[in-house]
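According to Swiss-Prot, the protein has these features:
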REGION    1-265  region 'Amidoligase domain'
BINDING   Ser13, Lys186, Thr187, Lys188, Pro189, Thr190, Gln191, Lys222  UTP binding site
BINDING   Ser13, Asp146, Ile147, Glu148, Lys186, Thr187, Lys188, Pro189, Thr190, Gln191, Lys222  CTP binding site
BINDING   Ser14, Leu15, Gly16, Lys17, Gly18, Leu19, Asp71  ATP binding site
BINDING   Asp71, Glu139  Mg(2+) binding site
DOMAIN    291-541  domain 'Glutamine amidotransferase type-1'
BINDING   Gly353, Phe381, Gly382, Met383, Gln384, Glu404, Arg469  L-glutamine binding site
ACT_SITE  Cys380  active site, nucleophile
ACT_SITE  His514  active site
ACT_SITE  Glu516  active site
Amino acid sequence: MTRFIFITGGVVSSLGKGLASAALGALLQARGYKVRLRKLDPYLNVDPGTMSPTQHGEVFVTDDGAETDLDLGHYERFTGVSARRSDNVTTGRIYSDVIARERRGDYLGKTVQVIPHVTDAIKEFATADLTDEDFVLCEIGGTVGDIESLPFLEAIRQLRNEMGAERSLIIHLTLLPYIPSAGELKTKPTQHSVKELLGLGIQPDLLMCRSDRPIPEAERNKISLFCNVRREAVIPALDVDTIYQVPVSYHAQGLDVQVCRHFHLPMNEDLDLTRWQTIVDRVRHPEGEVTIAVVGKYTSLIDSYKSLAEALVHGGIANAVKVKLVWLDSEIFEREDAVHYLEGVNGILVPGGFGERGSEGKIEAARFARERSVPYFGICFGMQMAVIEFARHVAGLPGASSSEFGVPEVPLVGLMTEWVRGNERVARGSGDDLGGTMRLGAYECHLRALSKVREIYGAEVIHERHRHRYEVNVTFKDQLEEKGLAFSGMSPDGVLPEIVELPDHPWFIGVQFHPELKSKPFDPHPLFTSFVQAAITQSRLV
């Protein structure tokens with residue numbers, strides 16, 4: 001029997017519902033249960049693929065090619081369960097589905113309404129595509145009281161009535177602000193948030209109260225009294241110094257125990273969270289430190305590179321060092337000399353991105369790394385800019401550029417018009433829609449024997465996740481290799497360059513895919529582990 005846990009939020013946004021869901025999933029896994037986590041987003045975009053990273057944060061891509069919310073990255077990193085397209089839905093996707101059904105005549109002439117048609121579609125999503133999971137955790141995006149969230153909250157109210165308390169649990173995450181002038185935590189915002197939820201017909205079973213300090217018993221009792229929940233079900237969600245402390249902290253506060261008691265499940269009181277504590281200890285007590293510059297164009301919001309930042313943390317954990325990140329806007333290097341900003345770093349990483357803005361700055365960062373023998377890691381757009389830099393300054397192609405920026409003299413990077421997905425050929429054109437038309441999801445890549453990446457992966461064939469519509473032009477492969485740039489990873493048909501490297505450089509690798517999406521604290525991605533190791537070596541040479 002699959003049990004459902006719905007996680008809502010109140011008072012303010014960005015309280016950490018995604019991390020709370022991921023941490024609870026990890027705790028239930030530690031108790032031997034199989035879990036799946038889902039995110040219901042109340043915005044009208046069909047998916048976040050066309051949303052600005054500086055508004056929404058990164059787009060997390062799944063193996064099956066879905067562009068999803070960054071919280072699915074937390075779910076994967078904490079539980080190790082690969083997310084699927086069916087694990088993220090938006091209001092836009094729900095409405096598109098309902099309207100398509102209406103056009104087909106599926107509703108047989110009925111007046112299509114939010115209730116029951118939209119809410120039924122939401123319920124179908126929440127309960128579909130399941131196998132033998134013990135728990136499904138559904139996070140409801142947004143904040144209680146937002147007009148956009150109402151159909152989703154109504155849907156979970158109906159699901160609760162249909163399933164009963166035996167199969168469903170509702171958790172409400174809220175905020176207890178501290179008022180310095182009063183010298184106390186205030187419970188009134190939480191009371192009003194729960195009142196708003198009750199007005200929608202939903203009684204939460206557990207309250208998770210975010211706070212930057214311990215919550216006195218008097219406040220917990222007060223919340224219990226006015227919000228109509230048991231005192232034991234008022235769970236402190238205290239701030240921690242690393243997100244990997246969250247499962248340990250929530251277990252200490254009894255979150256997983258209360259969930260199991262709600263469902264009348266047997267419990268092993270000696271829950272082993274040793275591996276989580278080991279990760280926390282390594283983060284808190286590193287044996288050294290390296291500095292890595294991330295040269296990007298969306299650095300005004302670090303969540304634009306959430307998986308990237310976490311993957312570098314994982315690489316640091318694997319090497320027992322702290323990775324200090326220096327976030328640099330690539331446009332700076334189009335106005336100023338890169339030396340001033342980069343001469344003190346131990347590694348340079350240029351992540352993915354879109355458009356011409358800041359591209360020349362990324363090219364300058366790649367040039368600095370190549371000429372100064374500083375470890376360089378180019379991801380997606382960062383690989384393309386590294387290849388353009390090499391072509392201009394080493395291979396004698398000063399007009400090399402990308403067709404993404406116009407009509408270049410030397411079209412070194414161009415729009416992919418077709419590629420193979422499984423056994424099918426996919427075709428695209430320059431006039432196609434932007435949403436959902438990129439090369440998305442996991443693809444196979446063959447690694448060249450005796451290459452650095454072959455040594456790093458320890459495998460001949462790998463599968464990595466992609467999100468791009470431009471690719472290095474394979475017709476220039478021989479010309480660039482003659483000058484020393486190795487194309488060490490290719491698509492199975494040999495048409496799409498996936499990895500380049502400089503064999504004579506200490507560590508210079510560019511990849512067309514996004515390895516950060518598959519890195520986990522207990523299974524760091526080998527490229528990030530190796531990159532941080534190279535940064536350690538470089539730090540000893542300075």
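Glycine is treated like the rest: Cβ placed from N, Cα and C.
Model, not experiment: these values are computed from the prediction.
In the three-state DSSP scheme, Glu139 (Mg(2+) binding site) is classed as strand.
Mean pLDDT, taken over the domain 'Glutamine amidotransferase type-1' (291-541), works out to 91 on the 0 to 100 scale.
Spatial neighbours are here defined as Cα atoms within 10 angstroms of one another, and by that definition the neighbours of Glu139 (Mg(2+) binding site) among the binding-site residues Gly18, Asp71, Ile147, Pro189, Lys222 are Gly18, Asp71. Here the C-alpha separation of Gly16 (ATP binding site) and Thr190 (UTP binding site) works out to 15 Å. In the structure shown, across all protein chains, Glu516 is the one of the recorded positions Glu404, Glu516 with the greatest number of other Cβ atoms within 10 Å. Those residues noted as binding L-glutamine (Gly353, Phe381, Gly382, Met383, Gln384, Glu404, Arg469) have their most widely separated CA atoms at a distance of 14 Å. Rounded to a whole number, the C-alpha distance linking Gly18 (ATP binding site) with Glu404 (L-glutamine binding site) is 35 angstrom. Counting neighbouring Cβ atoms within 10 Å of each of the binding-site residues (Gly16, Gly18, Pro189, Gly353, Gly382), the lowest count belongs to Pro189.
Close to Gln384 (L-glutamine binding site) in the fold, though at least 6 residues off in sequence, lie Gly378, Ser402, Val413, Tyr470, Val472, Gly510, Gln512, each with a CB less than 8 Å from its CB. Compute the center of the Cβ atoms of Ser14, Leu15, Gly16, Lys17, Gly18, Leu19, Asp71, which mark the site for ATP; besides them, the chain residues with Cβ within 8 Å of that center are Gly9, Ala20, Ser21, His74, Glu139, Leu173. The Cα atom of Thr187 (UTP binding site) lies nearest to that of Leu15, taking the recorded positions Leu15, Ile147, Glu404, Arg469, Glu516 as the candidates. For the recorded site, Gly353 (L-glutamine binding site), the DSSP three-state label reads coil. The sparsest Cβ neighbourhood within 10 Å, among the listed binding-site residues (Ser14, Thr190), is found at Ser14. Between the candidate binding-site residues, Leu15, Leu19, Ile147, Met383, the densest Cβ environment within 10 Å is the one around Met383.
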